[in-house]
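*Asks:* Mind looking over this structure? Questions follow.
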Amino acid sequence: MKCSKALKTTLLAILVLNLVAVSHGRLRYNFYNGRCGQHNVEAIIQSIVKNSFAADPKIVAGLLRLQFHDCAVNGCDASILLDGPDSEKTASPNLSVFGYDLIDQIKVVLEAVCPGVVSCSDIIIAATRDATVLAGSPPFQVQMGRRDSLVSLASNVNLPSPDISVSNAIQFFGSKGLNPFDMVLLLGAHTVGVCHCSVINDRLYNYMGTSEPDPSMNPSYMNVLRNHYCPMGQADNSYVYLDDPSSALSIDNNYYKQLMDNKGILPIDQALTHDGSTRWMVDLLANATDFPSLFTQALVKLGRVEVLTGRRGQIRRNCRRIN
């Protein structure tokens, strides 16, 4: 689909309107004001996240993935944080999730100043927001008031794989109340993402069992990946950025530019440009200067999926176990 600049502007305006989510009745801005004495809950979270980001900027990718993997399984209820032999943490898609220790650190500090007040699910949302801002998004607010789940089962984890088709991905996001544009924006989190080389070895060396690389990938980029990041026989923990390394720690639209140049890393990323229902969105965002603000709106919408409020759930005193 070819779009003029004027048409792209119009389409973007329409899609922005579709991003606006109805506020959840029991979630509120400034929810914790006055609930923790003289302490500012969100300032405490922000300070701890800032220190973590300074030590390792990849925490942004960790927290974004943590939020998605939590919210996409029975809603944003911190069920992913619970320990146990059959908890969500043990499910295969969650074995490479990181950021748990940072959530624990924040929880310990908040429990010391106002015990039993701040939910683990709100901590995930606020910490992800703060990390996203540190990576270059404009400041944005999130509503609070979530409560924590009492249940966490690996059998509930049914997350999209890196090679899911676009149509199935749209269906999955739709089941969470998120439309296709929300999906394409949220996949934009890959602008700061990383993945292990083992995830894409088939694309690099044995696509569809052919013993050849994926012919849809930009050949020069393929050679860079094979020679510098994911050489044959590399260690299992070797990883590659999902965006160009020069931009891989910043929330920007370079990810979409990469896709338009056939430099997508994960199969689902590049598939967005091969499917007519989403290619025009990628093209739109590759040329949009306000992707960071659009991304934050989609992230806010994700944070409202199937939340527990009121008397449902509990406020865990330790994010790893129920009270």
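Glycine is treated like the rest: Cβ placed from N, Cα and C.
Curation plays no part in TrEMBL annotations; they are all automatic predictions.
Note that the structure is a prediction, hence the values are computed from the model and not measured.
When I checked TrEMBL for this same protein, it listed these features:
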- ASP70, VAL73, GLY75, ASP77, SER79, GLU88: Ca(2+) 1 binding site (BINDING)
- THR191, ASP244, ASP252: Ca(2+) 2 binding site (BINDING)
- CYS36-CYS114: disulfide bond (DISULFID)
- CYS71-CYS76: disulfide bond (DISULFID)
- CYS120-CYS319: disulfide bond (DISULFID)
- CYS197-CYS230: disulfide bond (DISULFID)
- 1-25: signal peptide (SIGNAL)
*Asks:* When you tally the Cβ atoms that lie within 10 Å of each candidate's Cβ, which of the binding-site residues (ASP70, GLU88, ASP244, ASP252) has the highest tally?
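*Replies:* By the 10 Å Cβ neighbour count, ASP70 comes out on top.
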*Asks:* Have a look at the binding-site residues ASP70, SER79, GLU88, ASP244 and say which one has the shortest Cα distance to CYS197 (disulfide bond).
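*Replies:* Among ASP70, SER79, GLU88, ASP244, ASP244.
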*Asks:* Which residue, of the binding-site residues SER79, THR191, has its CB surrounded by the fewest other CB atoms within 10 A?
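*Replies:* Minimum Cβ neighbour count within 10 Å, taken over the binding-site residues SER79, THR191, occurs at SER79.
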*Asks:* Pop the Cα-Cα gap between CYS71 (disulfide bond) and GLU88 (Ca(2+) 1 binding site) into the table, whole Å please.
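*Replies:* Distance between the two Cα atoms comes out at 12 Å.
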*Asks:* Measuring CA to CA, name the entry from the recorded positions CYS36, CYS120, THR191 that ends up nearest CYS71 (disulfide bond).
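*Replies:* Nearest candidate: CYS120.
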*Asks:* Near CYS230 (disulfide bond), which residues of its own chain have a C-beta under 8 A away, given they sit six or more steps off in sequence?
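*Replies:* Looking at Cβ-Cβ distances below 8 Å from CYS230 (disulfide bond), excluding near sequence neighbours, one finds CYS197, ILE200, ASN201, LEU204, SER238, VAL240.
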*Asks:* Write out, in the order they occur in the sequence, the residues of the chain not among ASP70, VAL73, GLY75, ASP77, SER79, GLU88 that have a C-beta within 8 Å of the mean position of the C-beta atoms of the recorded Ca(2+) 1 site.
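*Replies:* Not counting the recorded site residues, we get HIS69, CYS71, ALA72, ASN74, CYS76, ALA78, ILE80, SER149, SER152, ASN156.
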*Asks:* Let me make sure I understand the structure: which of the disulfide-bonded residues listed (CYS71, CYS76, CYS120, CYS319) has the fewest other Cβ atoms within 10 A of its Cβ?
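*Replies:* Looking at the disulfide-bonded residues CYS71, CYS76, CYS120, CYS319, the Cβ with the fewest others within 10 Å is that of CYS319.
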*Asks:* In the same chain, outside THR191, ASP244, ASP252, whose C-beta lies within 8 angstroms of the Cβ mean position for the Ca(2+) 2 site?
*Replies:* VAL192, ASP243, SER247, ALA248, SER250, ILE251, ASN253, ASN254, TYR255, LYS257, GLN258
*Asks:* Say you check the Cα of ASP70 (Ca(2+) 1 binding site) against those of the disulfide-bonded residues CYS36, CYS76, CYS120, CYS319; which is nearest?
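*Replies:* So, spelling it out, the nearest of the disulfide-bonded residues is CYS76.
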*Asks:* Validating a neighbour-count step here. Other CB atoms within 10 A of the CB of CYS114 (disulfide bond): how many?
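*Replies:* Around CYS114 (disulfide bond), other Cβ atoms within 10 Å: 16.
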*Asks:* Which of CYS36, VAL73, CYS197 (the recorded positions) has the most other Cβ atoms within 10 Å?
*Replies:* VAL73
*Asks:* Hey, of CYS36, CYS114, CYS120, THR191, ASP244, CYS319, which of those recorded positions are within 10 Å of ASP77 (Ca(2+) 1 binding site), Cα to Cα?
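*Replies:* For ASP77 (Ca(2+) 1 binding site), the recorded positions whose Cα atoms are within 10 Å come to CYS120.
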